[in-house]
């Protein structure tokens with residue numbers, strides 16, 4: 001076991017804060033409509049230009065172990081916010097940096113870090129409640145487009161195309177983002193469905209950048225039991241291999257020898273296959289397998305109806321134009337199923353919704369209708385160069401996540417205004433403990449930081465703008481894009497309430513952990529001895 005470097009107290013906390021500041025300062029320049037670009041060097045290919053906070057954060061590793069720990073903890077803030085809300089990563093990073101900076105002053109002055117953290121937690125809980133109260137539902141296409149535009153760095157075209165996609169496939173429908181072939185963004189709606197099961201082994205991945213397994217023109221084998229013996233599968237695998245097409249296997253589970261053989265065949269390029277577990281449980285699993293069968297024009301191979309895996313033929317398999325399998329989701333695009341059968345299946349499920357008694361059953365049945373009838377909307381991002389394409393795709397994906405979050409929990413005034421207005425909930429919050437009250441004050445000041453950073457990136461004077469916004473009420477704020485003051489929602493500057501809430505909660509959570517840290521342990525790298533020089537080669541012995 002390698003030796004460890006163990007450090008305590010203010011000195012190591014300061015190193016951790018240095019790491020926080022290095023990462024946060026790189027991320028914060030991207031915030032707001034006039035946020036700047038960050039250029040990231042890549043080992044292969046051209047540099048990556050981005051305005052996406054989490055992309056910048058993921059690229060940062062620091063040489064000093066203790067500084068790096070601080071940076072990695074803030075990276076977790078951005079990453080968690082991105083996972084939950086899909087956007088707000090830069091706001092979360094700016095909030096975390098502010099809470100840590102303010103909190104460290106109090107810790108250094110001798111206040112109890114645990115009480116400070118309790119005060120921060122109480123303040124955040126009050127702010128979250130207030131954000132819920134001031135959030136407005138986001139229902140119309142216009143509001144959805146506005147949210148999308150803001151998240152895509154004020155690109156109105158992106159907002160409009162996302163609103164159109166949601167209109168076509170419904171708010172529950174599946175929307176994916178792909179590279180386009182032209183200079184313009186395009187929207188393509190294809191019949192398809194998505195379910196929440198991913199590949200059973202990462203060795204099935206064939207697109208390392210997206211971390212997915214993509215199958216073009218595949219067969220689909222649907223089986224309602226476990227597959228562990230490869231001999232059961234061999235007859236159908238041989239038929240698929242002769243057809244020179246990939247295969248997706250959807251079964252209760254694929255394990256042991258069967259999974260190992262599929263992985264080896266895939267790696268060697270003998271037969272491109274991917275195995276996923278069937279979605280749902282019990283009777284719902286059977287129903288969803290049947291949905292996929294109807295969509296792809298195949299049948300569910302089940303002993304209950306007298307079909308066995310060994311006797312399966314290509315006629316029993318479903319087919320699709322393309323299937324994408326990620327870590328957690330599988331998307332079937334353009335199944336070869338009969339349109340009349342799909343419509344009949346949807347009508348049948350809708351009848352079940354009418355007779356269902358529990359809300360849970362109704363919700364699950366509605367999900368199935370959305371998957372069968374809604375289809376998949378594909379946004380094809382257009383750009384002149386590959387570097388621009390990557391940057392635009394980052395923004396479109398951010399905007400898509402933001403609009404979903406807005407539909408879920410409603411919208412609040414954007415541009416950092418909602419957090420300032422939610423401060424009202426803290427003004428009368430007294431904990432009865434001086435150190436906890438100091439924790440509340442830390443959050444009270446930190447909620448100004450996103451607006452301050454937006455103004456700074458736009459070349460304005462943060463203190464002047466914050467004071468003027470605080471003089472106003474409701475949605476009154478500063479639109480950094482146009483340089484005007486006014487009703488933020490009226491000007492179309494909106495943020496999803498879920499994004500603002502997640503950013504605040506995750507920032508406070510990690511910052512609180514940092515403030516209560518008193519010891520850090522890092523591995524001491526072993527010094528490797530220098531390789532000795534090679535001795536000189538002997539002479540050739542006077543050979544002629």
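Backbone N, Cα and C atoms are what each Cβ position is placed from, and that goes for glycine too.
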Look at the ATP binding annotation in Swiss-Prot, where 30, 31, 32, 33, 51, 87, 88, 89, 90, 91, 415 are given, and name the residue from 179, 334, 338, 495 listed for that site too.
495
Between any two of 30, 31, 32, 33, 51, 87, 88, 89, 90, 91, 415, 495, the residues recorded as binding ATP, what is the biggest Cα to Cα distance in Å?
17
Taking only same-chain residues 6+ apart in sequence, whose CB is under 8 Å from that of residue 415 (ATP binding site), what do you get?
32, 451, 454, 477, 478, 479, 480, 488, 493, 495
Among 32, 88, which are binding-site residues, the residue with the most C-beta atoms within 10 angstroms of its C-beta:
88
